[in-house]
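Quick look at what TrEMBL lists:
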- 22-46: transmembrane segment (TRANSMEM)
- 58-77: transmembrane segment (TRANSMEM)
- 92-125: transmembrane segment (TRANSMEM)
- 164-184: transmembrane segment (TRANSMEM)
- 190-207: transmembrane segment (TRANSMEM)
- 228-250: transmembrane segment (TRANSMEM)
- 237-425: domain 'Major facilitator superfamily (MFS) profile' (DOMAIN)
- 270-295: transmembrane segment (TRANSMEM)
- 302-321: transmembrane segment (TRANSMEM)
- 327-351: transmembrane segment (TRANSMEM)
- 363-384: transmembrane segment (TRANSMEM)
- 390-410: transmembrane segment (TRANSMEM)
Amino acid sequence: MQVSEHVQEGQETSSVRRLPLYAYYVANTISYVGNRCTFVAIPWFVLETTGSVTQTAITAFFTTLPMVLSAFFGSVFVDRVGSKRTSILSDLLSALTVMCIPLLHLFGILAFWQLLALVFISGLLKAPGETGREMLLPTLVKQAGIRMERATAAADGVSRLSSFLALPLAAALVALIGASNLLWIDAVSFLLSALLIGACVPSVALARRESSEKRGIKGYFADLGSGIAFLKYEPVILTTLATVLITNLLDGGLSTVIAPAYTKYYFHSPVPLGTIFGVMGGAAFVGTIIFGAIGHRLPRRLTFGLCFCIGGGLRFLAMAFVPNMWFLTIAHAFMGLALGPLNPLLSTILYERVPENMRARVFGVLAAGSSIGIPVGELLSGYLVNGVGIQNSLIITGSIYMLVTLSLLVNPKLRAMDRSVEAAA
């Protein structure tokens, strides 16, 4: 009887310790779903109201540029304001700005410059909000008492599952109720995420550091500089950053400009876009779950290189040469499966190599560096499509993508990726 009671108490204690982590995952799911729906709704809203691929590209540029800037300059903001507060502020600001778009459109007073201003403001705290949530994870994982590989796989699985659910749902809702009405739903999702983080996830204090006492502009830029300087001594992280910068540039152009134009031209509906990307997200979720179970046994460098090659440039080339809905759905499922391990593998490496007191700054620099090419890719892709056509744009960008990812398999600087290390406190 006593043994049974002790076991039951232990199980209850374990569940209580893991509750904040579960709440974190649920809040992330809701926030990610809102982001993915916005990802479909805003480009399609611009195409619906203007019919211009170029204006769609310009909107995508103004959506992503503030995320890049705030990822870099906002990392110290996360350190000083706190991870939890930054996450909540990000979701609240996203809810407010996204809500303003359909509201102004409803009254017939939404000018194109106002749309650009709203998406720009919306992006200002989005990257720091994501960085803030990332900073919450290690402490919640330690409190829950589970493996970091499994926790990062679960976190990435949340993102993948959100894509799987949100993209086809968003595309269907755009077809049924219109992009403008979908934005109302997006705004509510951000409010729910902020509420969950605020109510269920405890605040996590970052380790005290010397620069935390420095205030003002000099201290702010000194903190930023220390985050950049750290990367000089981490060739694995630096090399990976350079690769992801280029591939994100190409992915940005595909996702927000080329793919919507492609589906509008070949399929005359947003539903195939949501279906294809949704299937890829679902398959990537399965790949993430598989990695969570066996990832600690796999060779990191080989896994990273092969998965990136299979799941990367082949998507562009498949769309270019076979514009068939069934083929693209099956191909994206296979390629999504390969993409699954990438993010949890990278997250595990970063948590191992970056000291806790440096994480917000280093992660912010990495987020900015890896995404700085996205607005450029989005802007250039609009002109590329207008200049050489959709098919040639896919062939050009897909070929570059393949060359960049193939280089991962022969780059000697990535050999250290296979060696697990523990970051200093």
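Any Cβ shown, glycine's included, is placed from N, Cα and C.
Note that this is a predicted model, so its numbers are computed, not measured.
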Listed stretch, out of 22-46, 92-125, 270-295, 363-384, that has the most CB pairs under 8 angstroms to the transmembrane segment (58-77): 363-384
Maximum Cβ pairs under 8 Å to the transmembrane segment (327-351) - stretch from the list 228-250, 270-295, 390-410: 270-295
Chain residues in Cβ proximity to the transmembrane segment (164-184) (below 8 Å; excluding those fewer than six residues from its ends, i.e. six or more beyond): 32-33, 36-42, 44-45, 48, 98-99, 101-102, 105-106, 269-275, 277-279, 281-282, 284-285
Intrachain neighbours beyond the transmembrane segment (390-410), with Cβ under 8 angstroms and 6 or more residues off its ends: 243, 246-247, 250, 253-254, 258, 261-262, 265, 301-302, 304-306, 308-309, 312-317, 319-320, 381, 384
Residues from the same chain, set at least six apart from the ends of the transmembrane segment (270-295), whose C-beta lies under 8 A from its own: 40, 44, 149-150, 153-154, 156-157, 160-172, 174-175, 255, 259-260, 262-264, 303, 307, 311, 315, 325, 328-329, 332-341, 343-345, 348
